[in-house]
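Database features, via TrEMBL:
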type     : residues : note
DOMAIN   : 13-149   : domain 'DUF1468'
TRANSMEM : 12-30    : transmembrane segment
TRANSMEM : 42-64    : transmembrane segment
TRANSMEM : 76-95    : transmembrane segment
TRANSMEM : 101-117  : transmembrane segment
TRANSMEM : 124-144  : transmembrane segment
Amino acid sequence: MQTTPARRPGELIFNLFLFLFSLFLFWSAYGISGFEALSSPGAVPMATSATMIYSAGAILWEVFRKPQGSAETLTGNIVPQSIVVTIVMVALYALLLQPLGFIPTSILFLMVMIRYLSRRGWGFCIGVSVGTVALIYLIFRLIFTVLMPQGIVPEGEILAWFGNLF
């Protein structure tokens, strides 16, 4: 006879979120064109989101029936501090990318994250951050000519100055 494993911390809330998100997607898919025919533009998104609702509902029901109790904690085992710090830093990176630009925001992000995750010295963190961003910039901006948010660094003038050297 098998015993049902206990519900882990955060499992019920996460599955409830998935179920509600599936309902939102279904409502959005219905807003495309309603349900007129199987060949309508919203038919496939509605079928997909309906499958998501069914699956998320079945999983939610199973999770709800599990007994509560575990030695694990949400902050200790499921979502450790390093994951929370990384999520916050990615959100800050996204917010600062447009006003500051790619180069300073990426250097700052990498410098702080390398320092936090590796506990190395500031010299190492700055060197790796600047070198990595320089390599990414060379590959994507100069070789593939991908436009990146300029921000506070006058990239056009710097590239023109380098162009005049050669």
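Note: Cβ is positioned from N, Cα and C throughout, glycine not excepted.
Panel annotation: around the transmembrane segment (42-64), residues 7, 11-12, 15-16, 18-19, 21-23, 25-26, 28-35 of the same chain, lying at least six beyond its termini, place a Cβ under 8 Å from a Cβ of the stretch.
Assigned with DSSP, the residues of the domain 'DUF1468' (13-149) fall into helix, strand and coil as follows: 108 helix, 1 strand, 28 coil. Sequence-distant contacts of the transmembrane segment (76-95), counting only residues of its own chain at least 6 positions beyond either end whose CB sits under 8 Å from a CB of the stretch, comprise 8-10, 105-106, 109, 112-113, 116-117.
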